[in-house]
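Chemist: Before we start, here is the structure in question, set down as structure tokens.
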Amino acid sequence: MASQSSTPVQQQALSSTTSTSSKPKFSHPPVSILPSQFARGYALAHPAILLSLVIYRFSSVVNDPVVELLSDIPFLVGLQVVYVMGCLPPAGVEKDGSPSTDGTARKTPGHKRRGHSASKGSAWATGLVTVAWKLTPALLSLTLTTLLATPTLALLLVLFGAPLTTHHALTFLCAAHMALLSAFPLIYAHGVDGEIWREIWGASRPADAVWGGALGTCLGAWFGAVPIPLDWDRPWQAYPITILTGAYIGYVLGMLLGRAKGVFGKRLEFVPQGLTDIKVD
Amino acid sequence: MHYLGLDHIGHKAGPQSSHMIPKQHEMDSIVSQVYQAIEQETHLHSTLFVLCGDHGMNDAGNHGGSSAGETSPAVLFISPRFRALDTNRQSPADALRDLQYYRVVDQTDITPTLAGLLGLPIPLNSLGVFIPEFLDMWHTSAERLELLLANSKQLLRTLTQTYPSYDFDTPATCHVSSDSGNLEKAHCAWARVKELLSQEEHAEIETILLQLLRTSQAAMSSAASNYELPYLFLGICIAGVASVLSLPASYEALRRYQQPGLFLVASILSYGIMMFASSYVEEEQQFWYWAFTGWAVYLHVRSFQLQPAVRAFRSSFLLTTFGAVALTMSHRILRRWNQTGQKFAAEPDIARTYFSTHQGTLWTLVVLTYADIYLCLVRNDSSSSPTWYLSCLAVTVVAFTFKLAFATSESPELVANYVATTLRGIPLIPYARVVMSGIAILCLSKKKRDTRIKSPPRSLHSALTLFLVTQSRVTNIPIFLVFRLQLKILASMNLASVEVTVTSLFMQYITFFAFGGSNAISSIDLSNAYNGVGNYNLVLVGILTFVSNWAGPIWWVSASKLLRSKRPRGESQTHVALLTLCVACMLLSVMAACTVLRTHLFIWTVFSPKYLYTMSWAIIHHFAVNLLGDIDLLFSSAT
């Protein structure tokens, strides 16, 4: 039911973007949250849990950022793993543009096979199979997040003004948190598909929870730098507390906004009109 | 004596720190130790021991604001001689209200009191009144009167200087009512004093003199915060009219290029809001650095999305994919070149920290910069003759050796000893004149050729670079290499007109701060203000000072002209209109902030210097550099 209602919206969004700009071929549709009851519920609960954790742990981050940010990572990993496995289709499933039907089609054989032997434990068994089947991409994306996304984000943080000669541990921890928020769902949902990553590098992905969350994380971190120069001399103004707080808020907002009705499927287009004119003269 | 401990604990951990009370006991014990030492020696019995805090602290332990905790420091006059006074103060005492004990003494009153107690004349511009409790130290009324009269005459003299039209010596027909001004009251009191003096009524004179002193003091302090509001509003109106007038021409461009236009408008709006916060004014460079990273992301995304179209303009795949990354990297290097502002001013940076220990790197980069300028001068010329090559080489080499000789005399710590010994004693003024005339000859001979071939003034730009390099600090010279790289990346992006304008605006402000500028008067660099100038010449020194402080912005004005050179003429007009709009809006916000915050504690230390800087940005930089740089527009549109 849910999947049926989401596909027309998706297609409409797709057609509207293709009509506005003629050249790029958008072969990769936005990612929809899985249709299951749990997925739809948890996709809303997850941002709430993350934000309350930020509020709950804020004072200890201010007191000892290195220790607190480090000890938060396992919890963040856990929450994000539950979120991506429970709510997002893993990479490769949605190739033909109909994610939900494909996902269920893969699950049904296992369900049927086990249905013969034990009908009571079948729900449990399907659950286990699904978890086991999704755990591999989750673990793979987690590895890539640690090995690739975290160093890349740390470099980007330095490029955007983070201290280069000091605060290395904090920069890396901040990058790790941001990578878990933004890159982990991206890798889980898109794998290492070069074309999609080109779209991400060009910021031209259609809006969805995954891309919205990633973009929101980066924008939030950028805006998070604003209070640092103020002369209030508050301990929370220290690098990178405001930046990471901004990243979390941005992630939550971006994730929710990316799924919102008028936004889902839309793309950022930064092509200045004037440039087509120059080509003429 | 200045004991740092209390202040240090306050800044570290605030007034509630566990170290605060022990430290205060320690300070008390030091005071009693000093006092006992005074008491033990008879020849020290006339010692005056003054204990005075220079500020208090707020709840966080900091100061500089206007809260009661920050503005209520203690003052204590201690001497064995004060036993003679019958003021019997109890200690410890309860606070009357917010941190007020015993009695409040005006800060300005400390000076005349010290002068009176020590038997010294009161300083010329003092605005204080002798603290009357100490008058009893003098036993005869004649002595007390002499002291108060000296104080009154000195204050009245200051008052007459402030209000030259007011004559205090005319006999007053006194009808002082409660609503008459302080000046009239002081005038009346002075007339009454003179009258009583002739009658030798000493007892009453003292009270009248104290009244006179208080009213004069009040008149002076209101004069210090007396603003010519009509002029302030007139200035705001002029800036407002300027921004409104530049709006129609800019609006068309902003509407056509919506995203860069929106970015520009958002930047200017947030800049305007920022001007009302003192710490953002002090750390203005952070805003430009921060906003530019956002702009770099925009440039990256639009170039990347445009890739198929841009590739038609011979830009490589690498530049469209990672050009903005390289731009941000070079920007990050510029950011760290000179630490500026207040909050992070002492942090290590490239110019002061790194180069002072790596002179070899510094001079290699400087030589590379000069070599690059020489290549630019030569390369952009199709019809170059051997004489042109030779004269370019000669001027570049002379300019470099001048800088070397200059560094030897001004900052010898950057020059190796063997170089310093050979170069010491070179007369710098004639040398600088040779460099300047060489650059001028290059410009003039270029101008002649350019009119013939009608090409963009590339080598004029190179000659200008040579001049700007000559006017920059040695440690800043390699920045011009970074600029060249940035210009190359930007040129490959094939920017639209509004994009060039926004980039140019950002680069102008960023480089001003990257060269070490800030919004504090103390950061003006005067080291190159006298290059080739023998004796003080206001106009020449003024121009050289401006060029050496605005070298980066001037370079980018010229560079953005190059970026625009391939584009239609009309777009240059929108460039000028947009820059005018931005400058007028910035001027408007700074003027409004200074007017609204004229009673702010930091009006003289933060907002007024910012106002002066904005004036030179608007009047000198915008009119003389940005608009004069595009003066050819005027002729081309006329023909």
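Note that Cβ sites are derived from N, Cα and C of the backbone, with glycine treated the same way.
This is the feature table in TrEMBL:
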REGION    B:1-20  region 'Disordered'
DOMAIN    B:224-633  domain 'GPI ethanolamine phosphate transferase 2 C-terminal'
TRANSMEM  B:229-249  transmembrane segment
TRANSMEM  B:261-281  transmembrane segment
TRANSMEM  B:287-304  transmembrane segment
TRANSMEM  B:316-334  transmembrane segment
TRANSMEM  B:354-375  transmembrane segment
TRANSMEM  B:387-406  transmembrane segment
TRANSMEM  B:426-444  transmembrane segment
TRANSMEM  B:464-485  transmembrane segment
TRANSMEM  B:505-524  transmembrane segment
TRANSMEM  B:536-556  transmembrane segment
TRANSMEM  B:576-599  transmembrane segment
TRANSMEM  B:611-629  transmembrane segment
Chemist: In terms of Cβ proximity under 8 Å, which residues at least six beyond the ends of the transmembrane segment (B:316-334) contact it?
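Modeler: Sequence-distant neighbours of the transmembrane segment (B:316-334): 289, 292-293, 296-297, 299-300, 303-304, 306-307, 310, 350, 479, 482, 485-486, 489-490, 492-493, 510-511, 514.
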Chemist: Grab the same-chain neighbours of the transmembrane segment (B:261-281) for me: Cβ-Cβ under 8 Å, and only residues 6 or more beyond its ends, written as numbers and ranges.
Modeler: 253-255, 287, 291, 294-295, 298, 342-343, 498, 501-502, 505, 519, 578, 581-582, 585-586, 588-590, 592-593, 596-597, 600, 602, 606-607, 610
Chemist: Honestly, do the transmembrane segment (B:464-485) and the transmembrane segment (B:287-304) touch, with at least three Cβ pairs under 8 Å and pairs 6 or more apart in sequence?
Modeler: no
Chemist: If you count Cβ pairs under 8 Å, which stretch among B:229-249, B:287-304, B:505-524 touches the transmembrane segment (B:576-599) the most?
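Modeler: It is B:229-249, which has the most Cβ pairs under 8 Å.
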Chemist: In the region 'Disordered' (B:1-20), how many residues does DSSP put in helix, strand and coil?
Modeler: 10 helix, 0 strand, 10 coil
Chemist: Could you pull out which residues elsewhere in the chain have a CB under 8 Å from any CB of the region 'Disordered' (B:1-20), counting only those six or more residues past its ends?
Modeler: 26-27, 30, 57, 59-63, 69
